[in-house]
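Asker: Got a structure here, written out as C-alpha cells. Questions coming.
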Amino acid sequence: MARSGMFERALLLRACADSFAKMDPRVLVRNPVMFVVEIGMVVTLALTVDPRLFGSSVHPGGVGNARLYDLVVTLILLITILFGNFAEALAEGRGKAQAEALRRTKTELMAVVQRGDEYQEIPASALRKGDVVKVVAGELIPADGDVIEGVGSVDESAITGESAPVIRGAGGDFSSVTGGTKLLSDELIIRVSANPGETFLDRMISLVEGASRQKTPNEIALSVLLAGLTLIFLIVIDCLPPIARALGAHMDVATLVALLVCLIPTTIGALLSAIGIAGMDRVIRFNVIAKSGKAVEAAGDVNTLILDKTGTITIGNRMAAAFLPVQGQTNHTLAESAALCSLFDETPEGRSVVELAQSVGVTFRREEYSNTRNVEFSADTRMSGLDLTNGTRLRKGAADAVKRYVIEQGGDIPRDLDEIVERVAKEGGTPLVVVQNTEIQGVIYLKDIVKPGIRERFKELREMGIRTVMCTGDNPLTAATIAREAGVDEFVAEAKPEDKMRLIRREQEQGRLVAMSGDGTNDAPALAQADVGLAMQSGTQAAKEAANMVDLDSDPTKLIEIVSIGKQLLITRGAITTFSIANDVAKYFAIIPAMFTSFIPALGVLNVMHLSSPKSAILSALIFNAIIIPLLIPLAMRGVKYRPTSAMSLLMRNLVLYGLGGVLAPFVGIKIIDMILSVCGMA
Amino acid sequence: MTATGVIAIAVVVFVILLCAWPLGRYIFRTFAGERTWVDPAVRPIEHVLFRLIGVNPDVDMDWKAYLRAMMAANLIMALFAYGVFRLQNFLPLNPAHIPAMPPYLAFNTAASFITNTNWQNYAGEQSLSYLGQMIGITFLQFTSAATGLVAAMAFLRGMSRQKTNSLGNFWVDLVKAHTRLLMPLALIFAILLMALGVPETLSGPAVVHTLAGSMQTIARGPVATLEAIKQLGTNGGGFFNANSAHPFEDPNVWTCILEIMAMGLIPMALVFTAGHFLHSRRIAIVLCTLLSAILLIGAYVVYAYEAGGNPILTHALGIHGPNMEGKEVRFGLPLTSLFVASTTAFTTGAVNAMHDSLMPVSGMVPLLFMMFNLIFGGKGVGLLNILMFLIISVFISGLMVGRTPEIFGKKIEAREVKLATAAMLVHPFVILVPTAIAMALPSARASMTNPGLHGFSEVLYAFTSAAANNGSAFAGLNGNTPFYNIALGLVMLFGRYVSIIAMLAIAGALAAKARIPETSGTLKVDTFAFGYVFVAVFIIVGALTFFPYLALGPIGEQLQLT
C-alpha cells in the first residue's frame, strides 16, 4: 500500500481542517487534559477583551500592554489545542482514506439468491444470513459466506492485496469466501454468513476508520492518571492567588493559566489517541485486521506463543535429505528406484526426491516414461509409485504399509530395515520405504525443513521473555528433533485440537497470556480461548469468527511481528508520558522565578536559564510546550523503535532517552525560544 | 559541621537499620501466621481476648469487611477518646483538677490521636488529666499505630496472595499488633527510658521551694510509658508541651539516640517485612538504601544550614557560630539535625528543637519529608505510600518495557491506577486547599506570629503536618482557634483514611488477580535501576506539586536572608 506524496498532502490538508472541527468543546471534553487547555484559552481570551476582568490591578497606561500579552497567550493556547487535534486528525485520516478505498469495492451488487426452488436476482444489500446465492465466473461475490457446492478460483486482491488467485471449494478448511472478492472460474453455491453491515468488509471499514474505536484498557488507565495529574496541578494553581495576595504579591491570571498549561501533561494528552490510532494503523498496514485495539495491546503482553509446526516453524513440506539403502543394496540403485517412482509425483515431497536423486547423478526424463502408469497416493494403500511398461512395479510409502505389501506378495523384509526406519524417526525425519516389486531397497530420509531465520526469531522472543510452544501431530521423537532444531521452549507431540485447548488453559491458569494462530474449524475454540488469536484469511469462517485478528496474507509467523507492534504501542505511550512529565522540571525553573521575582527579587537566582525577561520566560515555556507536540507527532505515528531485548535494558535505554532527555530538552528548547523572542524584540 | 557529627548521624541510622532487619522478619512471621518464639507466652492471652470480644480468629475477611471493621473500630475509639477529654473533670486520676476540654479542641485532639498524627493544640500538662493522658492519649497512641500497621499487613497479603479475596482478619491483626509487637517493645523502651532518668509516677505535680525562696510547681506524671509508645508508634504527641525538648521526656544524649531509634525502628522494619511478603529481599535492600540515603541527605542539609548560622546575625551583629535558637544544648547539633529529619521522615512529629527557629532551608527539609510522606513514613501508612508510589512509577515506566505494567506479578490496570491516583491526589489537596483558605481568611491569618514568608511557612507547615499525620509544628502558629481546630482535624482525617481506603481497595483487587510468572520481559521492580525511577517519580510528582509554595515560603525566605 504505497502512498504518493500527493496523497500525503491531501491527508495533511484534511487533518488541518479537522483540527478546527475538533475544537468543539463537546468533542474535546473527552480529553480532560486538552479540555483544561481550552478552558484556559477562553479565560485568557476574555482577558484580552477586558484585561481588568478578574479585578486584576492593571495600570491605566498598561492596559494595552496587558491586552497584547493576554492575546499572545491566547494564541499560543489555541495553537497548542490545534496541534493536539491535528495529531489525532492525521492519525484518523490515514484510516479514513483507506476506508474510502475499501468502500469503493463495496459498490452496489446484484445477487442471485435461491428462493424456494428457483433463483432470483435481488440487490446484495437485501441478503440475510442463511440465504443461499449462486455466483458464476467473472462475478463479484455478494456477501461473506461458506461455499456449499462447487470449487472455483477467487481473486481476493481487493481485501488482501495479493493478486494470485486462491482456490475456494465446498467442505474442508477452504470453504469461506469474502464479499467483494471476485470469482474467476467455475460456479459456486454459497450460504451467506453475515447480515449487511456486519460483513468482513464493513467491519474492516469501521475499524480502519476508527469509528468503532474504543479506548483500550491500558489507554483508559493512563487517561485516569493524566486526569489525576491535571487535577493536582489545577489545585496547585488555584491555591496560589489567595496565598500570594495574603503575602502582598499580585498574580497575573494569564500567567497562572500559562503555568497551568505548562504543567499539565499536554504533550501526552494531545498525542495519546493519535498513538492508539497509529498503532492500529500499523497493524492494518501489516495486512492484519485486529477486531479491537485491546487485542493489539494484549499482544504486547503475551507470555506464551503457541505455534503449529507445519507452515509456521517448518516450511510446511518435508524434503528428501538422504537415501539409506538396506544391506545388499547400493545407494545408486536406491536413488534410481526412488527417483523413478517419484517421477510423476507432483507433491513437494516427490519433487524433492527427484532433486535429491539428481544431486547424486541420477536423472530420468519424463518423456521416456510416458507410457508408464503413475500410481497416486491413496489413503487406503498409503503408497504411491509407478508401474513400468516392463512390468516392474515401484512403490514408496510408510514402513508398515510397504512391509504389509511385501509380505502379502511373499517377499522378505530385510533384517536391518526396522533399524534404519527407527533411526530416521528418532532423528525427527519421516522414513519412506522404497520397494521394487517385492524387493525392499532402502529408505528415503524425508526431513522437515525449519524455516530459515526462525531459530533467531525464537531466540529474540526468549530475550523478550516469551516462551514458544510448538504443536504438531508428529510422534514425540520427530517433534523433539524439530523442536531442538528450531529452538522452541516446549513442544506438544501427537497434538489433537483438544490438546491445544488444554495447553492454553494450563498456561492461562498460571497467569500467562497466550497467543496462537490457526485456520481450521477445529482451531476455532482454541482461537477463542487464547488471549490473542490470529486466524488466516484463507481459513474457515468459524476460525475467523473466533479469532480476534485475521491475517490477510495467511502467514502464521506474523504472530511474532504482532507481538512487537503491541509492545511498541505501549512503549510509545510510556515514553511520551515520561517525556511529558519530565518536561515539568525545566518549565518550573522558567516560570516560577518569572512569576515571583517582582515580589521576591531574590528568587531570580532560580532563573538558571538566564531568560531575558519574566514575560519572555513565560511565553518561551508556553511556546515550547506547544511546539513539542508537532515535533513528537512523527514519533507518535511511527512508534518508538523497538528492539527485542530484555525488559531491564529496554527500560534503561528508554529512561535515558525519554526521562533524562525529557528533563534536559526543554532547558535547551526554552532558552533557544527565549533568544529568538528577544532578538525579535518581542520580550 | 564536623566529621564526628557527620559520622555520628550515619552511625545512628545504620544501627537502626541493623535492628530493623531481624524485626522485619519477626513482623513478617507474626502476620503471615508462622510460628514465632513468643507464641507460648502470648497465645493463651490472645485466645482469652478473642473469646472476650467474640472473634473467631480463623475467619478471613475480604477487603470490604476488613475496611469496615477497621473504620468501625476507629470511629468507636475516637468517640471514646472525645468523651474522655470532654468529661475528664468528672473522672478520676485528675490530681491537678484540670477542667473539661472545649469541644473544638477535643475534636481536634481526638482526630489527631486516632489518626496517629498527634498534633497538639493544647499543652498536655495543663489541659489533660492523668486519665486523659493514659486512656485517651496513650491508648490511641497504641491503637492508631496498630491500625496503620495492620492496614499495611493486609495490603502486603493482598499483593502476595493470588486468586483470593481474603486479606486476613482485622481483629486478629489488631490484637497481634499489640500483644506481639507494640506492647513488648514499648515495655522494653519504657524501662530503658526510666533507667536513663525519665520519670514515671501517678503523683500530682511536685511543688518545690526554689533557692530564690519562691514556690514552683513542677509537672510530672506517667511520662516514660507515654514516651515509649509516642516514639515507637511514630505518634509524637508529648506529655509536655515542649515535647522531647523537655528534660523529663528526653533528659540526655542517650535517651535522644534511643528516641530516634524508636522512631525509625518499626517503619524501617516494615520495609524488610514487605521484602519477606513479596519474596524479594532485594526490594527491601533497594528501598532501605535509597530512602536511608534521602534521610541522611535531609539530616545533613539541616546540620549544614544550622551549623552555618544565621547570616543576618553574622552581618548585622558580627555573631558567628551555629544557629542555636530553639535548640537544646544537651543534644548538640548533629543529633538535633537527625531528630528533625527523622521525626518528619517517619512522620512521628515529636520535636526536640523548635522547627520554627530552624534556618529556612533546614525548615524546608521536614516540610519536604512530610510532603513526600514516604521517606519510610509512619507506621504502616508510610509503607502504603511507598507502595502507592511504586504502583504509579511502575505504571509510568512499566509501559516503556512494552507490557501492561505489573508489580510483583500483579497487573496494574485501570482500577488500580484510579485508586492509586486518588490516594496520590488527596495529599496535595488537603494541604493546599486549606492553606489557601487559611491565607485568605483574615481571622485565620491572625494566628500567624510572624509576618510575611515565614508566617506563610508556619501555616503551610501546619497543614502539611496534619495531612501527613505527622503532628510536629512550626510552633509559631496559634492553632487553638475554632478554624484551625476544625480545619486541621478534618485534614488529619482525610489525609489518613482516604489513602488507607484506596489502598485496601487496591489490595482487594490485587489479591483477586493471578500472579504472572516473571520472565526476562518483566520489569524488575526490585532493582536499583527501578529504585532510581521510583525516587525520580516521587520527587517530580511530589516536590513539583509544592514547588511554587516552597518558593513563596522557605526558599524565598532563605534567599532573602543571604
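Using N, Cα and C of the backbone, Cβ positions are placed for all residues, glycine too.
Dumping what TrEMBL says about this protein:
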| type | residues | note |
| --- | --- | --- |
| TRANSMEM | A:28-48 | transmembrane segment |
| TRANSMEM | A:68-87 | transmembrane segment |
| DOMAIN | A:110-209 | domain 'P-type ATPase A' |
| TRANSMEM | A:220-244 | transmembrane segment |
| TRANSMEM | A:256-278 | transmembrane segment |
| ACT_SITE | A:Asp308 | active site, 4-aspartylphosphate intermediate |
| BINDING | A:Asp345, A:Glu349, A:Phe377, A:Ser378, A:Ala379, A:Asp380, A:Thr381, A:Arg382, A:Met383, A:Ser384, A:Lys396 | ATP binding site |
| BINDING | A:Asp519, A:Asp523 | Mg(2+) binding site |
| TRANSMEM | A:588-611 | transmembrane segment |
| TRANSMEM | A:617-635 | transmembrane segment |
| TRANSMEM | A:655-677 | transmembrane segment |
Asker: Restricting to the record's ATP-binding residues (A:Asp345, A:Glu349, A:Phe377, A:Ser378, A:Ala379, A:Asp380, A:Thr381, A:Arg382, A:Met383, A:Ser384, A:Lys396), give me the longest CA-CA distance in Å as a whole number.
Answerer: 19
Asker: Spatially speaking, which of the recorded positions A:Asp308, A:Asp519, A:Asp523 is closest to A:Lys396 (ATP binding site)? Use C-alpha to C-alpha, please.
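Answerer: That would be A:Asp308, the closest of A:Asp308, A:Asp519, A:Asp523 to A:Lys396 (ATP binding site).
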Asker: Does the transmembrane segment (A:220-244) come close to the transmembrane segment (A:617-635), meaning at least 3 CB pairs under 8 Å for residues 6 or more apart?
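Answerer: Answer no: the transmembrane segment (A:617-635) and the transmembrane segment (A:220-244) share fewer than 3 Cβ pairs below 8 Å.
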Asker: Could you tell me the C-alpha distance between A:Asp523 (Mg(2+) binding site) and A:Asp345 (ATP binding site) in angstrom, no decimals?
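Answerer: With distance taken Cα to Cα, A:Asp345 (ATP binding site) is 30 Å from A:Asp523 (Mg(2+) binding site).
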Asker: Sort out for me which one of A:Ala379, A:Met383 has the most neighbouring CB atoms within 10 A, since those are the binding-site residues we care about.
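Answerer: Within the set of binding-site residues, the most crowded position is A:Met383.
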Asker: Of these recorded positions, A:Asp308, A:Asp345, A:Thr381, A:Lys396, which scores lowest on Cβ atoms within 10 Å?
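Answerer: If we count Cβ atoms within 10 Å for the recorded positions A:Asp308, A:Asp345, A:Thr381, A:Lys396, the smallest count is at A:Thr381.
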Asker: Sort A:Asp308 (active site, 4-aspartylphosphate intermediate) into helix, strand or coil using the DSSP assignment.
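Answerer: Its secondary structure by DSSP: strand.
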Asker: Work out how many Å separate A:Asp308 (active site, 4-aspartylphosphate intermediate) and A:Thr381 (ATP binding site) at their Cα atoms, rounded off.
Answerer: 28
Asker: Give the mean pLDDT for the domain 'P-type ATPase A' (A:110-209) on the 0 to 100 scale.
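Answerer: For the domain 'P-type ATPase A' (A:110-209), the model's average pLDDT rounds to 81.
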Asker: Express the distance between the Cα positions of A:Asp519 (Mg(2+) binding site) and A:Ala379 (ATP binding site) as a whole number of Å.
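Answerer: Given the Cα positions, A:Asp519 (Mg(2+) binding site) is 23 Å from A:Ala379 (ATP binding site).
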Asker: Can you name the residues of this chain that are 6 or more positions from A:Phe377 (ATP binding site) yet have a C-beta less than 8 Å from its C-beta?
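Answerer: The answer is A:Asp345, A:Thr347, A:Met383, A:Ser384, A:Gly397.
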Asker: Let me know the DSSP-derived helix, strand or coil state of A:Ala379 (ATP binding site), please.
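Answerer: For A:Ala379 (ATP binding site) - judged by DSSP and reduced to three states - the answer is coil.
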Asker: Is A:Lys396 (ATP binding site) helix, strand or coil when read with DSSP?
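Answerer: The three-state answer is strand.
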Asker: Using a 10 Å cut-off, grab the number of neighbouring Cβ atoms around the Cβ of A:Asp519 (Mg(2+) binding site), all chains included.
Answerer: 26
